[in-house]
Amino acid sequence: MRIKSALAVAAVAALTAACGGGGGGETSSPNEPVKIDFLSLAWQKESVAANKQLVEEWNKANPNIQVTYVQGSWDNVNDQLVTQFAGGTAPDVIHNDSPALAGFATDGYLLDLSDKLPAELKNDIPQAAWDTVTFDGGKGEQGVYGVPFLQESQVIIANKKLLEAAEVRVPTADAPWTWDEFSAAAKKMTKGDTYGVAWPMKSPVNKTLNLALNFGGTFFQTAGGKTTVKVGPEEREVLQRIHDQLYKDKSADPAALGQGTADPLPAFYKGKFALLPAGVYLRQQVAEQAPDGFEWVTLPGPKGTTTQQGAVSQTLSIAQESEHPDEAMKFISFFLNGPNQAKLAKGDWLLPTSQKAAADPAMTSEENGWDVATASAKDLVVAPFLKVNGFDEWKSKVATPVLQEYFANKITIDEVAKRLVEDGNKVLERYQR
Amino acid sequence: MTATVTRPAPPRRPRAKRRHVSRQTREMWLLMLPALVPVLLFSVGPLLYGIGLAFTDARNTRVHETSFVGLENFTDLLADGDFWASFRIGAIWAVSVTALQFLAALGLAVLLNQNLRFRGVARVLAVVPWAMPPVVIGLMWKLVYHPDAGILNDLLGTDVNWLADFSLALPAIIVVGVWTGMPQTTVVLLAGLQNVPKELYEAGEMDGAGRWRRFWNITLPQLRPVIVAITSLDFVWNINQFGLVYVLTQGGPGGQTRLPMLFAYEEAFRYRFAGYASMLGLAMAIVVLAVLGLYLWRQMRENR
């Protein structure tokens, strides 16, 4: 009896110890290689391959710093990181995007890289890109909380046949369409069953906010340390123009409204609409999936008072609690050097921040619209919402439903403005207590 | 329990006896330990910790200093329109899924209780959904509802984005909820049906009661305790549902399917307000207990 129960106690104790002690406590002797976990969010086939290949290259060249590739997913990375940070099991090197960094930086989970960055890496990436990862670290000081490496700009992917048939001026990187020209062209291309343009607006917020900068629409203002939402004439421009295409000109395909960015592609190949405003990365799917004989071109994004667009970067960061921050930094500077960034950019069909990578001939060839895409990088400025603490909650609780209802023509632009501001400020207040 | 009953004995007895009692007590505790430790460690501990958190302004961050805020989270909750919207959705979901589940399962159970051919096979098939984890069920139904490649649009010849439509999303996930929960309800009701004494039916038949009459006056009253038990279990299960809906819609579109547990999850893991989310969990637990208490109490009283 006694022995058995004692055994049971021992078993339970061992079990709980095993469960509880899973996290830290890795003591490595000086000869053993340092181990670094790298959480990657690459998902396109080419991009995953490029990521894994670079990790392999590094591991071969650096037997003392071994990197483990950990596959993550954009769908739930932030939920995953919140739990991992709280539990102290976060990976050392973290792939994410700049909007998410603001929150993690303020919460103190990410390492300030400002004095760790090697000069070569620092100089290769322009200041505008560094601005997208510079945040308040929670105690009022500004820090760099990630290395920006891939950026997305908005372009218009067009059906070449329909574009030529409409006999409109074909925009170039130096002379893009104005929004008026864009709407007029869309109207001209609308004939019978064919629409001029399609706006997939399942997740409307980032897209419209980035484009709103065409007219200087920032949506947020900071005064006296307090950030509030603002929807003035500048902010309304792009919203109104898209709405007009949908309901006044009737040049936009209503079927695309509820769809995600890539969902309208089958209809695009069938010629149901001519223009698809989208992020540069969507070119990859068009290039790979379009039926034979389907001709398409990449057009630059439209111009309002400026051609500026909000920039969001993909980033690599180091966890505050990483045991080997210096080794992690070494890995990042290898991973994101010019030639490697070009590989990653090609794999993801996005724009590299590295100036060396952007000069790569493959990045400026006319094939698959790389020239137009790379040229659009000069229009990228820091999206103002990046710096707003609580943006994520504003986006999912307020802005997404409001914009969805607006583009479904259920509410007026005045109601949009009212709800974005009033409900929005309530949300932001929680973060500024 | 035994310890408190036997304890008064020792003073009158010699030492040997006391030792014996204490040894017995010790053995009892030792035997209970393997069961007790996990319960304390993994259920009671987190529960108390969660209740404690509910009265603080805890956030899932590294730099924030948590302080006690009393009932502030609770008053915030009462004034939070999103919470009430989510609560309303949760109530619609839990009540309709439980009710429909019960009706469908009762029908199925009565059918499976008949002397059909292939009854064994049919019974096994009815239990199949039970063997699937909620996430797999979610993924499967996502394919069924898929706007372009979905079998449902194919069958109906429609072009509806079921899970993204503001008014259709909730009914669509309710159907999935009913489908998921039917097997266990059916099995329990079937077991109940098999326990109804045959003599009652024979007597009813002798007295000239029709099928419907026999069902209404014999089957249902006989099943009553089983029905009460399974519907209350189903209700608790449904109002706390998370995985299925998380996979299907993540609470979208525009929060139309944001059940209370999804809401709490978002507060805790997306916006990192751990204290507020704990209060939400606590409030839901109290609501469930209250509803169940009322329901069970009424059923018991009527039974008497």
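A Cβ is built for glycine as well, from the same backbone N, Cα and C atoms used for every other residue.
Not measured: the values here are computed from a predicted model.
Feature annotation from TrEMBL assigns compositional bias 'Basic residues' to B:10-21. If you look up TrEMBL, you'll see B:87-295 marked as domain 'ABC transmembrane type-1'. If you look up TrEMBL, you'll see B:1-21 marked as region 'Disordered'. Taken from TrEMBL, the feature transmembrane segment applies to B:28-51, B:91-112, B:124-146, B:166-193, B:214-237, B:273-297.
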Highest Cβ pair tally under 8 Å against the transmembrane segment (B:28-51), stretches B:91-112, B:124-146, B:166-193, B:214-237, B:273-297, lands on B:273-297
Sequence-distant contacts of the transmembrane segment (B:91-112), meaning Cβ under 8 Å and at least 6 residues beyond its ends, amount to 119, 122-123, 126, 170, 173-174, 177-178, 181-182, 185-186, 189-190, 192-193, 215, 219, 227, 230-231, 234-235, 238-239, 241, 257, 259
Here the stretch out of B:124-146, B:166-193, B:214-237 with the most C-beta pairs under 8 Å to the transmembrane segment (B:273-297) is B:214-237
Other same-chain positions with a Cβ less than 8 Å from the transmembrane segment (B:166-193) and lying at least 6 residues past its termini are 89, 92-93, 96-97, 100-102, 104-106, 108-110, 112-113, 123, 126-130, 134, 137-138, 141, 145, 160, 219, 222-223, 226-227, 229-230, 234, 237-238, 241, 244-245, 248-249, 252-254, 256-257
